C-alpha cells in the first residue's frame, strides 16, 4: 500500500502531536488510530492498532528515560507492575485480532466522565504526594488489579491508557501527578511492548510506516516530557482534564455516528 506525500506528512504531524500528549497524560492513540484508518483506507483495524503500538512505544520509552532522570519513582512497584501489565496487554491484543474493539467505547466514555468529575471536585488531587492518604494493603491490591485491567485494555483498545494509569497511581498509591506520570511512562512502555509482540507475530504491523512515525512520536514525547518537568503538577492536571474532555467528545461522536 502506497500513501500520497500529503498523507504521510499528515501522519507524521499527527504522530508528533500524539507523542506530545502521551508524554503528559496519555490519549495519543485517539489521534493516531483514526488517522491511520482514514489515511490508509482498507487498512485492517488490527494493523492500525499494531502500527500504533510500534509508534507509541518509541515515544513512551523516550519520555520514560527523560523523566526517570529527574523524578524519584518506586522501582520495586514498577518491576512487578510493568511485566504484569505487559502480559495482560498481550492477551488484550490477541483478543483485538478476533473481536472488534468498538464494544469498549460506551464503558470508556463513562469511566472518562468519572475521571473528569473526580479530578474537578478535588483541586488538590495529585499536587503533593506527602499530603495524600496513606497506602494500605487493600489499596495496593486494588492498584495492581487496576493496572492489570488497564494493561488488558491497552492491548485490546488503548485510547486513554496513560490517563487511567495516572489516576490509579495517584488515587490509590498516593503519588503526585509528576510521579504518576513518570511511572505511567514505564508501565505504558511495557503494555505497548506486550501488544506489539502479539500484533507483530500475527503480521499486523506496518513496519516501514511505523518506524517513520516513531521518529516523529519521539520528538513530540521529548517536548511533552520537558513541559511536564518544567511546569509541574498543575499543568498535568489541566492537560488531563482537557484531554479527557476531548476523548469523551471523540468517542461519543464515534459511538453515535457508527
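Cβ coordinates come from backbone N, Cα and C, glycine included.
TrEMBL lists transmembrane segment at one of the ranges 6-37, 38-69, namely 6-37.
Using a cut-off of 8 Å between Cβ atoms, the transmembrane segment (6-37) and the transmembrane segment (103-121) share fewer than three residue pairs, counting only pairs 6 or more apart in sequence. Residues 153, 156-157, 159-160, 163-164, 167, 171, 237, 240-241, 244-245, 247-248, 251-252, 254-255 of the same chain, all 6+ positions outside the transmembrane segment (103-121), place their C-beta atoms under 8 angstroms from a C-beta of that stretch.
Through the fold, the transmembrane segment (77-97) approaches residues 45-46, 49-50, 53, 144, 147-157, 173, 183, 186-187, 189-199, 202, 204 of its own chain, all at least 6 residues removed from its boundaries and within a Cβ separation under 8 Å.
If one looks beyond the transmembrane segment (228-248) by at least 6 residues along the same chain, the residues whose Cβ comes under 8 Å of a Cβ in the stretch are 21, 23-27, 30, 66-67, 70-71, 108-109, 112-113, 115-116, 119-120, 125-128, 159-160, 163, 166, 176-178, 181.
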